[in-house]
């Protein structure tokens, strides 16, 4: 750990502690502490190793899960879709051949890679963590440098345990103050993306700071960092603090006893130094943030729930105006209409963004004593088998089932519809996932991103609505 | 990886911002375990109707753009998912060069790893090249990576910047894993540093 006199950011410190070598043009060979692998983006990389006769350098720093393709219904039967089955079987063959620790479909701990990593203590503060998945930024919540990579880089990490990288720029997003009732980490992040835009973080690593961020529990911090990529950032991270250490302590793969204390001592040195330089600074007031939803096909298309849908004429650039019109057409919305009151067909509560126990608790609080509206299909997909079991121990499954929700098995599910959980053309969905792109949840599907409590409110009222109204009512 | 030196080809205009990797290749086509064969489903949602027939209005279904090897778009090309299936689908379709005012980081990087040259140019210049691309049969651009220039149909020249290391890898068609493995000794000594003693190893027997 080199000592530097000039003040450094959290990102600068983690970066410096992982540089193996620096090439002539400034490209660094960056050491990777954890490589998380799933079935969709790894088969071509394993095949590449085999073709070149290369070994997997660090099976003991690699962990594999199945999540994207897995059915979230009955798992006693073989997987129906032949291509999904082949991808999962291929992963199982590869992890056996290369000796990779693996959470199989039937493991009680199986789940979405970005839920399982932190939950198991595989992802830890101060680490570099990569995965062939853009939402790897989630793990930054622990105070790690975590980012998504393509399959060629997956193969590079497998063969060398490093990546060739140039340092990113530093961006700090500070949220100061206290959020109001009904406002969650998801609303904070949607507000940030609405402010900086989907390309606002390009080339940067975002450090989230400020009192509203420090007040978040780890699940909330993961929601925030998860969607850093939706703001275009390479990664998002939050300085590790007592909340982080309490979360990590005792997790299955975390350091134990004396080793944990030593690790904590190191992790405490990682916070950005006073006076550290940030290339870009953004500040939001927590009090200004309200429960939000998206209206269009980009995560930056954010509206406060009491807002109205924009018009193409609000935009000067003809390309942007055309894009707004296209989004209105795709989403079946009219310029100037209030977003609240828009009827929904489906409610999806799940995904690596919002499928943790705390998310399910927040949804259950809204659902308790109410019933899913007529003609709405509402589903809960816990982020992992362990989240599911913990929720059941609290009786959350009963609240959801009594209200008419589906209570499903863990996986990526309708966030991207690689398994059978998909929207049909024209269906409108209030979703706690991360992307509202055209066709993301199924061809022709219409996605409105929101928090678990807002999604729960949409489920019980049948329309996008302000969860704060429901919180006022006593059931 | 195939070398990229000089390319003279049809450029297709796609005057949209935020063309995400879900548009380039929808998730339902990611179930392959190979890198090839994705070209037929590139831009599937816009390229085909519900019955799988070509949508005649989509640019890549029109002549001469069905033979395009260059794409011109607006800001933030390739945002969203890290799926390398996006550049694989473009490459399999025949695209070797993408030009935009800005790119999402992971997509930008993934292009280089697959012999596709992504070129960042200011919006005003992209507007001009978009105009060139709209000229149908006359939409041919020459992209010369050695000289770092684009030659427009009217003969005008547009210079561009590219990272020297990545330029070298593309020009030579090199695999960077081989290069990194030449640093094996440094990697080994790094991972045995005393300061890294806190980093636990993972085996399925370690969890308690």
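Cβ coordinates come from backbone N, Cα and C, glycine included.
Listed by TrEMBL as binding [4Fe-4S] cluster are A:412, A:415; the candidate from A:225, A:264, A:352, A:465 that the record includes in that site is A:352. In the three-state DSSP scheme, residue A:415 ([4Fe-4S] cluster binding site) falls into the helix class. Annotated [4Fe-4S] cluster site A:352, A:412, A:415; additional same-chain residues within 8 Å of its Cβ mean position, judged by their own Cβ, are A:67, A:68, A:112, A:114, A:135, A:350, A:351, A:353, A:355, A:411, A:413, A:416, A:433, A:434. Sequence-distant contacts (6 or more apart, same chain, Cβ under 8 Å) of residue A:412 ([4Fe-4S] cluster binding site) comprise A:67, A:68, A:70, A:112, A:351, A:352, A:418, A:419.
Counting every protein chain shown, the number of other Cβ atoms lying within 10 Å of the Cβ of residue A:415 ([4Fe-4S] cluster binding site) is 28.
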